[in-house]
Amino acid sequence: MHRLSFLFYLRSITAPAFRPSKPNFTPTPTPLAHYSVGRVTSRSNGRNNRGRAPGSRFNVKHDGVKDSNCRVSSNQPDEASIVDGSEDVDRFFHPTQSQHGQISLKRDANSSSKCTQSKHREKKRCTQSAIAVGSSYQQDKHISPAWCVGKDRSPNTERTCQHCTSPNRAVGNSSRQQNSLLGSADDTESHAHSSARLRSSQTPKNSQHQSYSPNLANVNQRDRPFISRAIPSPAGRTHNEQICSEKAADHLRIEHSEMLPMVVPFNIDQNKSESPFAPKPSLPAKNKEKRKELECFKRGEKLILRPGMVLLKKYISHTSQIKIIKKCQELGRGPGGFYQPHNRCGGKLCLQMMCLGKNWDSKMRSYGDRRSIDGAYPPSIPVEFKQLVEEAIRDSHAFIEQDLKLSDVEKVLPQMSPDICIVNLYTESGKLGLHQDQDESPESLRRELPVVSFSIGDSAEFLYGKNRKIKMANKVVLESGDVLIFGGDSRLIYHGVSRIIPKSAPSSLVKETNLRGRLNLTFREF
Ligand SMILES: O=C(O)CCC(=O)C(=O)O
Ligand SMILES: [Fe+2]
């Protein structure tokens with residue numbers, strides 16, 4: 001009896017351990033797990049769609065579908081137009097897309113900046129200790145090699161509308177509004193033809209603009225460039241260097257060189273830091289992170305985005321930027337100055353435009369000596385602008401030569417002497433649909449003479465790709481002072497501006513010039 005009761009006692013104390021309650025066997029996700037999943041699906045969009053169902057807010061508009069903001073002429077059902085900056089940008093981050101980045105990115109071999117993968121949700125990885133000097137441009141498997149763009153050309157290629165249009169958007173149709181956008185640095189200057197504009201140019205001079213420096217690091221992970229990785233070979237040369245020499249021997253052969261998609265590993269740190277349970281980073285840690293990001297793209301850094309496409313970060317000095325803005329303000333108020341152009345379909349473009357050297361007719365998509373809207377002759381291109389363009393090409397040559405170990409850099413990026421400059425002024429709502437610059441002379445296109453683009457003022461999200469499919473385009477943030485050059489194999493690259501980042505211009509620039517928005521100057525040789 002005594003032994004029996006002892007046994008019962010024993011059973012009663014051990015039983016619960018062998019009878020776990022059902023929930024213990026059900027793998028219920030913890031809040032952390034939920035959160036992680038949410039981040040995985042939405043991590044590519046750091047702005048405001050966190051936790052939304054994948055694709056729930058992607059508003060893809062196709063050609064042929066009524067689209068009040070933007071019309072891009074195309075018969076291809078697949079081609080999406082840029083409609084709204086935010087929506088378009090979101091589409092780039094659609095989680096169903098490949099996780100591979102798409103931009104081929106190479107950095108200045110001299111750059112010693114060390115960026116690590118950022119923990120910040122929208123500030124992206126700036127890997128580069130492993131960044132290559134070589135040319136194994138890796139591509140998303142969904143898109144054919146980017147350098148095919150130049151080869152896709154055919155005389156029958158349909159010409160695309162160069163700019164997207166938004167009749168409903170208040171870009172400022174009147175010279176009055178437009179002038180105030182450009183700022184009033186030259187308010188006192190009298191100019192026949194522009195009294196109304198001058199009056200209107202008295203914009204608040206003390207508007208507070210925050211300095212904000214978004215850069216490539218702000219581009220989301222899936223949108224990050226492919227970064228060629230240097231794989232050391234036994235001979236001491238990197239894998240990429242080997243490819244480079246081959247490229248030098250036979251430039252075209254690069255088309256068939258190894259193109260392995262670089263799978264960017266998911267950064268578990270990112271989740272950690274974003275977990276609601278993770279401790280908030282301290283201020284010094286945050287500052288350190290920020291410093292790292294800023295280090296990613298220093299003044300003077302050069303990147304080869306793809307063959308024939310070079311980005312010179314913060315290339316134009318502050319002083320030169322001021323001069324350029326003031327010159328554009330001055331010319332923009334005069335005959336042949338800024339106006340809001342129409343596209344082929346009659347819609348208005350989401351920008352103000354002024355041509356220098358030759359006039360580009362946005363409706364006809366052709367160049368001429370005078371513009372049809374008022375018969376005005378375009379002002380000539382200031383000589384300082386031309387000098388800066390030629391310098392930028394020369395510097396790019398030196399970089400390509402050193403980076404790709406090429407002797408004939410002109411094959412990759414031909415030299416050009418600009419006789420056309422299209423100046424675009426974007427307000428915060430400005431944008432430009434994906435298009436090709438292909439209205440220059442057949443000879444200029446045949447020689448693949450580059451387009452040289454200066455960005456000044458607010459930063460822009462610039463898209464480029466081998467076709468007009470926005471979803472497949474690469475994105476890079478162009479900041480004030482950046483120079484982008486695309487010639488050679490990239491001459492006919494599709495490109496556009498999906499969004500202007502408001503108040504991102506350097507505050508000193510804004511103070512000194514009163515520029516609001518973004519100025520973009522594209523130089524070409526007819
Ligand atoms: O604003 C930009 O960065 C691009 C402008 C452009 O592509 C053009 O004017 O053709
Ligand atoms: Fe363009």
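Just so you know, glycine gets a Cβ as well, placed from its N, Cα and C.
The annotation Fe cation binding site is assigned in TrEMBL to H435, D437, H495. Feature annotation from TrEMBL assigns compositional bias 'Low complexity' to 42-57. Marked as compositional bias 'Basic and acidic residues' by TrEMBL: 60-69. Residues annotated as compositional bias 'Basic residues' in TrEMBL: 117-126. The compositional bias 'Polar residues' annotation in TrEMBL covers 127-137, 157-182, 202-220. Sequence annotations record features per position, and here TrEMBL assigns domain 'Fe2OG dioxygenase' to 417-526. Among the features that TrEMBL reports, region 'Disordered' is placed at 21-81, 96-137, 152-240, 271-291.
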Compute the average pLDDT of the predicted model within the domain 'Fe2OG dioxygenase' (417-526).
97
Around the C-beta of H435 (Fe cation binding site), how many further C-beta atoms are within 10 angstroms, looking at every protein chain?
20
I want to verify one value. Collapsing DSSP to three states, which class is D437 (Fe cation binding site)?
coil
So how many other Cβ atoms are close to D437 (Fe cation binding site), meaning within 10 Å of its Cβ?
19
Would you list the DSSP helix, strand and coil counts for the residues of the domain 'Fe2OG dioxygenase' (417-526)?
18 helix, 49 strand, 43 coil
